Amino acid sequence: MAGVGLRAAARRWLPCPGHGRPRATSSSPSCPGCGPPGPGVPCSAPAPAPAGGSELSAHLWARYQDMRRLVHDLLPPEVCSLLNPAAIYANNEISLHDVEVYGFDYDYTLAQYADSLHPEIFNAARDILIEHYKYPEGIRKYDYNPSFAIRGLHYDIQKSLLMKIDAFHYVQLGTAYRGLQPVPDEEVIDLYGGTQHIPLYQMSDFYGKGPSIKQFMDIFSLPEMALLSCVVDHFLGHGLEFDQAHLYKDVTDAIRDVHVKGLMYQWIERDMEKYILRGDETFAVLSRLVDHGKQLFLITNSPFSFVDKGMRHMVGPDWRQLFDVVIVQADKPSFFTDPRKPFRKLDEKGSLQWDRITSLEKGKIYRQGNLFDFLRLTEWRGPRVLYFGDHLYSDLADLMLRHGWRTGAIIPELEREIRIINTEQYMHSLTWQQALTGLLERMQTYQDAESRQVLASWVKERQELRCLTKALFNAQFGSIFRTFHNPTYFSRRLVRFSDLYMASLSCLLNYRVDFTFYPRRTPLQHEAPLWMDQLCTGCMKTPFLSDMAHIR
């Protein structure tokens, strides 16, 4: 395991007798900050740094080479494939033993869809723009590019900028696009008044929609971002004047029409084998929970006829017997906040009934309603309820912050990202990047002309490494979880609104129904272990150094 390799590397540098500074225990090159000890001779005090000029430059490059060797030793072959794509990851401690009631969204939660659905949405919305909104026929030449955008991006409507923003509201330079073309970093900074920072009031409200900037949070937004970028690209490429707000609204309305007119539902219903993934695993999850005495409910914005056909495909004709409550066309997120909308019962054919709802019965179907009546009628409250959904705002935010439910986020992209993280290329690039960053931080005290040239070359190499690791995930925007070293704004909301997150609901099958999830203790900056280069230099008096197996 990786921890074994890291600990072994750390043990190569043990505290020296006398003054606690490490000494080498192998034949590796001695640390530049500590002279080579002779047989039976205590480690000497740190050797003074060279006076300057070429000697100091050589000293810095020697440190650099030492670190390259150390990083190589820290990464044995088994360090890759440490993360399991089928694992569940915890932001907050939660014991499933305490959970009595499980709730689910439908789309991209109970029913996971194939990526082949996205080109269908893109093409249909593109044709709606041309045929109903009278957009130029030239837009029809654009096809859906699945590798262009990622979830969680922000779109500045007035500037026609699609961009990636970190948890501190800074635009990640190199990830701003107008149409299909990257926008130079200098232009991005100029557009925002000489800074990369975007103020909170512009960014978003509680649900990710600011006055002029929208965040694309659900998986269905991938074809929307692609179409928006293609349309802007066509208008700019042909020198056509347009109002940014009108164009944005037309594209979003065309995407909405694909859903409202039921086109997407028709495609899925015609070929469920093609579009619905992991149906047998969904059935296994639900059956297992019921067998262990758990109560289940479904709250979805999708219509009953569509949900019924999908659940019959995945679970069977008696699927409703697994659920204590089924609510369709719930109109989330207002379902969680607006107490005025009453529940309506549907008959077996999906027609509305007129009787007053005084209880929610098992096997029956209800439409719309609100969470306040739901809580009153079921008495399912607080942390004994765990609800799963894919949309951090519409599915999870209100439930966690306002009502104290436990929440689980379904993030299908997680599986692919973990497989990339497990590659040798990513692991070596990231580890060396961190080591090089540590060297830069510690060696920046040397400010003579030759040392500054060395440091500048390291800064350039670090930036190249950052771009390399970013491109492994997506050439334009990188990982949905990271903006270089910072979490993305998407990650910030994921941590805030979910106790657990996973690639699919089927990940529950890997754990007992009484399993307790413990989040990893992520060190704060003042708690963080040493930069990796300090494992080699021995400049810190750290009694726990020999046991330290973490990399900052």
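Glycine too: its Cβ is placed from the backbone N, Cα and C atoms.
Taken from TrEMBL as is:
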type     : residues       : note
ACT_SITE : Asp105         : active site, nucleophile
ACT_SITE : Asp107         : active site, proton donor
BINDING  : Asp105, Asp390 : Mg(2+) binding site
BINDING  : Asp107         : GMP binding site
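Taking the features listed in TrEMBL, we show where each one sits on the structure.
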residue	record	Cβ within 10 Å
Asp105	active site, nucleophile	25
Asp107	active site, proton donor	22
Asp390	Mg(2+) binding site	24
Report summary line: Whole-number Å distance separating the Cα atoms of the residue listed as 'active site, nucleophile' and Asp390 (Mg(2+) binding site) is 8
Query - Inter-residue C-alpha distance, the residue listed as 'active site, proton donor' and Asp390 (Mg(2+) binding site) (nearest angstrom) - result: 8
